[in-house]
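Features as listed in TrEMBL:
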COMPBIAS  355-365  compositional bias 'Low complexity'
REGION    355-377  region 'Disordered'
TRANSMEM  43-60  transmembrane segment
TRANSMEM  66-85  transmembrane segment
TRANSMEM  124-145  transmembrane segment
TRANSMEM  152-169  transmembrane segment
TRANSMEM  201-220  transmembrane segment
TRANSMEM  241-268  transmembrane segment
TRANSMEM  274-293  transmembrane segment
TRANSMEM  300-319  transmembrane segment
TRANSMEM  325-348  transmembrane segment
Amino acid sequence: MAPVAAGAGAGNRGAAGAPAAGDSAAASKATPAAGRTRPAEPLIAHAIVAAALLVYPTVATPFFTFQVAAQALVLGLIALSLAVLAGYGGMVTLSQMTVAGIAGYALALLGVNADPAHSQGWPWWLAVPAAVAIGTAAATLIGMLAVRTEGIYTIMITLAIGVAFFYLAQQNYTVFNGFQGLARILPPELHGMDLRSPVPFYYLSLACAALGYAAVAYVARAPFGIALQGIRDNARRMRALGFNVTAHRIAAHALAGLIASVGGVLLAWYNSQISPGSVNTTAMINILIIAVLGGMRHPAGAFLGALLFVLLQNFAIDLVDRERFNLVIGGVFLLVLMVSPDGLLGVWRRRRGPARPAKAANPAPSMAITTRTRRHP
């Protein structure tokens, strides 16, 4: 029994399901044409956005470079990890900020901070990979617990884990230094370049965000990503087709944990400190708001939502009191959901109109999986 490729699956069916010879010839002739007429707008859009991001610090002030753009890239990277789980895997969790916080605490404890009693003094090239590995391992463990539940129960168990870590960090002074946290967590200097400066830190955040974006975009089209989307749509069918649903979901948590851990390291460097306030319930909900605002079905949505969130966070206090600026964020969040449940990217896609027929040649995730796993004697 050998697996059948997607293109050969139809040829091994019975006569009742076999296409006519003329149809096959027409299809073979139409396929190259469809490939040649595939629109180039996505490539052009990516090139324009990349060029704009590269030249942005040359026209922006240090405030907009660091406080707005760099912060949006860091928060967008953490929200991207949630998009992997919720948008592609159908698993809405509230633990991604917890994973980022674990990585940030690990960086502070293993590296250098203001308190020698809570610092191992490792060089950054050892502390950073170790912190990312610890955060990824924590995300994998959380995933092993969370994948046993679905729906609201997944949200509740990840919320419980996040709250438990918050109180652990707040009440433990031996390791986490209690509510004061750990300060002076500074990025290194590379070849005379001070990454603490706004422009170098912006480009560091941009590089990490670009790698995360490219990784998620690639995985979404890889066999693992297609299987994950099939599990999102119909887990029972995927299990019947022979896929290990639990293993795929745990692997998705590990991938999302890797992305969130990198974001946690950048966030600790951005704030120059890590404290229980970095991982409290408000921080966990903010990541969910960012992901939903931008749209969770495309990796660009996380960064778009983060940019809107950071702009509101910085300038909403000009409209209302500092204590009430969350009302503005909540109002914008509700408005976006009422207009487009798919977030800001959903609005953009509707304005562009329906997809072109050339894209219909790509099978849906569930159909692609079905044809790839069909067997013949």
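Quick reminder: no glycine exception, Cβ is built from N, Cα and C everywhere.
Note on the transmembrane segment (241-268): residues 73-75, 77-78, 80-82, 84-85, 88-89, 91, 96-97, 99-104, 107-108, 128, 131-140, 142-144, 146-148, 185, 204-205, 208, 212, 215-216, 219, 224, 227-228, 230-231, 235, 274, 278, 369-370, 373 of its chain, located 6 or more positions outside it, place their CB under 8 angstroms from a CB of the stretch.
Remote same-chain partners of the transmembrane segment (300-319), defined as residues 6 or more beyond its termini with a Cβ less than 8 Å from a stretch Cβ, comprise 67-69, 71-73, 75-77, 79-80, 82-83, 87, 209, 213, 286, 289-294, 325, 328-329, 332, 343-345. When Cβ-Cβ distances under 8 Å to the transmembrane segment (201-220) are tallied for each of 43-60, 66-85, 124-145, 152-169, 274-293, the top count falls to 66-85. The stretch from 43-60, 66-85, 152-169, 274-293 that makes the most Cβ contacts under 8 Å with the transmembrane segment (124-145) is 152-169. For the transmembrane segment (152-169), the most Cβ-contacting stretch among 43-60, 66-85, 274-293 is 274-293 (pairs under 8 Å).
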